[in-house]
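Novice: Here it is, the structure, as structure tokens.
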Amino acid sequence: MGDIILPRRLFLWCMTLIYMVAFVSLYVQIPGLYGNDGLLPARWQLRYTGKPLLDQLLSSPTLLWLGPHLGLDTQTAMELLCLTGAALSVAAMLVEALRDSLVFFCLWALYLSMYQVGQVFLYFQWDNLLLETGFLCILVAPLTSVRGSRAVREHDRVTFWLIRWLLFRLMFASGVVKLTSRCPTWWGLTALTYHYETQCIPTPLAWFAHQLPVWWHKLSVVGTYVIEIPVPLLFFSPLRRLRLGAFYLQVLLQVLIILSGNYNVFNLLTLTLCLSLLDDRHVNFWLRKANKFDDENNDSKLLPWLCYLVELVLWALLIIGTMICFDLQVDSAKNAISSRTAFTYHQFNQFLKTVTFPIIWIGVLSLTWELVTSMFRCACVSGFLKRFLGMIQLTVFAAAAVSMFAVSLVPFSFVEYDSHARLWPGVRQAFGLVDRYQLANSYGLFRRMTGVGGRPEVVIEGSKDGNTWTEIEFMYKPGNLSASPPVVTPHQPRLDWQMWFAALGPQTQSPWFTSLMYRLLQGKREVIELIQTDVSKYPFHEEPPAYLRAHRYRYWFTEPKADGSYPERWWRRVYDEEFYPRVHLGNTFLDGMLGQFGLKDKSAPRRVSNATVAQAVRWVRTQVRGVPAHTLIWTLIACCATFCLLPGLRSKNKHAEQTAVTHKMAEKVNDHTEGVDEDLSDPEEKQEQQAKEEEDDEKNTEDEEEDDEENEQEVINENDDEEEEEILDKSF
């Protein structure tokens, strides 16, 4: 694999962007989710027992323990941590020197602090993925206080390899669990005929994707299996084009998911992980920049042809294996491609038992290769002191990389029980010690397809008199049949997501739903803003409802009309059952459920802090209140992207001006020389001897001009290369 300086820098820049989005998205929801009048107040998770601060941090690693020492309550402390994380992320996006190990450690610690008290609203796989990736950034990022951020370190390839290993675990496990779950829709290749309308928050394009023919949906499932199970093995291929092919297939899958569903930062984070498959040569290809060290002097033409042959054989085997495993056949009568799963669960389970440990050894060999090549590079460094310090640095980071790899084997082996049982007990013990810090996690998205009999959706209704009922419409989740699906990526409305999970089972499986009904009956503005940012659109914004109830419906996408025109509504629905009975404040059932789930707050209300920090946090809240979260996030992204691109554009214009000035000076020199030549050749009375001397001078002048032009061209070419590098440096 070639140099990875540019992919590594681009990866770190993207991570600062993702951190910024995650912190801002969570910040706007803190009062309604975790505030003193929120659904699940975070202060209930922090029991101050008088223990020393260090013991509290060890029992629950969160910086919120410092809140009382700063005179802040838990809600204000959470908002302060989110604001700090967002500000630090923006600063790191704009200033490359801040994309430092210490900065990424702070970002990871801040998000971990929120995760520890986030409860059910923060227990998503992408939150775990962000924490694991964020910790790896601490190893990948430079320590600018010791060495410059652009300095090439011998261990960079080793630490950056951990990102590739994480990407492999994520994609491979996501494909495997679809089959190990024994979900009939995944085994029958019909999952996507339900997915587009049953996913949490679909986009408008999901409606159009849902109308595609069934054979296309089944073929898409086959493509998903191929991209998620065999293709990730190419991540560790020594052949560069195989890795690039795997990269573009992963990008294709993630882009299609982004277009059809709102999955917050998850797909953006996965695309960022895919950067670990690139090298400087390919990034320069994107930038239309010539590579300085192309293999132009490679005399052997046999090796490239052998590589081409191996690549063709592997892609051919992949295609043929897909056709055999899924019995792909062309149906000329229907102009379609038929497909079915041509293997059994037992066969697939045997396949997993066969390949799990070899895959682990592939990872071991790949990491070992990176370690050996890094040691060789370090040994080739000139100067004893530099070589000695580089070797110490490489040893430390190599030990960290090996430790992270070993710990990650525990969650990776969850895909196959027998392989997990065969792991060395010491590795499992090490995983247990670091599990609370989310350093290594198991993944498996879309394990089972829900909503096969129709998308279950909970609809809350309110009434002032108990007779006339009004539906409470959420901003993002389906409810109103005529409302088009929204586009909210990369924001995650966490209440809307949990409403989707709540509809899959009885209300007793979602204790927070009782708290939601209770807060709406109280008319708490913080909770209402989770439903409608513009409170005036909430039907009971003037006076809280006296009664609330909830029903479960079954939703489906509408179908195009017979003439091919689009229907007036996006959804159709059928009543299913009562989800939550009619309740009011003081209702026996409501009070019983609050007591059963421990949702009654018996502690006295806390005094509002007047500390300067608390007042500043409250002021920021007043500035963003009423602004939709996705609008706020995209505004920040646009501003940051503009500030990142402006220095590069400024530098490009300055270089263009310098080049123009250089050309003008060269033209003036040429004009002056031509004028002198004319003056010397015009007088006829000059003697022949003087003419010969002038001719000699002309020849000397022309030779000097040619040398000057060559030097000028070399300077221009060097300036072009420096200008392109400067634009890239200032942009990322």
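From the backbone N, Cα and C atoms, a Cβ is placed for every residue, glycine too.
Note that the coordinates shown come from a computational prediction; the quantities given were computed from them, not determined experimentally.
Per TrEMBL, the feature transmembrane segment maps to 12-30, 76-95, 102-123, 129-146, 158-177, 247-278, 302-330, 351-372, 392-415. Annotated domain 'Lipase maturation factor 1/2 N-terminal' per TrEMBL: 123-284, in sequence order. Annotated domain 'Lipase maturation factor 1/2 C-terminal' per TrEMBL: 439-581, in sequence order. Under the heading region 'Disordered', TrEMBL lists 660-732. If you look up TrEMBL, you'll see 664-675, 683-692 marked as compositional bias 'Basic and acidic residues'. The annotation compositional bias 'Acidic residues' is assigned in TrEMBL to 693-732.
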Novice: Counting only residues 6 or more past its boundaries, what in the same chain has a CB within less than 8 Å of a CB in the transmembrane segment (76-95)?
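Specialist: Same-chain residues near the transmembrane segment (76-95) but 6 or more away: 13, 16-17, 19-20, 23-24, 26-27, 30, 34, 42, 63-64, 66-67, 70, 103, 106-107, 110-111, 113-114, 117, 609, 613-614, 617-618, 620-621, 636, 640, 643-644.
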Novice: Counting Cβ pairs under 8 Å to the transmembrane segment (392-415), which of 102-123, 302-330, 351-372 comes out on top?
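Specialist: The stretch with the most close Cβ contacts to the transmembrane segment (392-415) is 351-372.
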Novice: Using a Cβ distance cut-off of under 8 Å, indicate which of 12-30, 129-146, 302-330 has the most pairs with the transmembrane segment (247-278).
Specialist: 12-30
Novice: Using a Cβ cut-off under 8 Å, which residues of the same chain at least 6 positions beyond either end of the transmembrane segment (102-123) come close to it?
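Specialist: 12, 15-16, 19, 22-23, 26, 29, 33-34, 39-40, 42, 45-46, 60-64, 74, 78, 81-82, 84-85, 88-89, 92, 130-131, 134-135, 137-138, 141, 143, 145, 437-438, 494-495, 498, 512.
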Novice: Who are the chain neighbours of the transmembrane segment (302-330) in space, where the CB to CB distance is under 8 Å and they lie at least 6 residues beyond its ends?
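Specialist: For the transmembrane segment (302-330), the sequence-distant neighbours (Cβ-Cβ under 8 Å, at least 6 residues beyond its ends) are 189, 219, 222, 225-226, 230-231, 234, 239, 241-242, 245, 337-343.
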Novice: Provide the three-state DSSP residue tally for the domain 'Lipase maturation factor 1/2 C-terminal' (439-581): helix first, then strand, then coil.
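Specialist: Its residues divide into 34 helix, 33 strand, 76 coil.
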Novice: What residues in the same chain, six or more past the boundaries of the transmembrane segment (351-372), come closer than 8 Å to it by Cβ-Cβ distance?
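Specialist: Long-range Cβ neighbours of the transmembrane segment (351-372): 157-158, 161, 165, 168, 172, 176, 180, 233, 236, 398, 401-402, 405, 409, 412-413, 415-416, 418-419, 422.
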Novice: What is the pLDDT of the domain 'Lipase maturation factor 1/2 C-terminal' (439-581) when averaged and given as a whole number?
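Specialist: Looking only at the domain 'Lipase maturation factor 1/2 C-terminal' (439-581), pLDDT averages out to 94.
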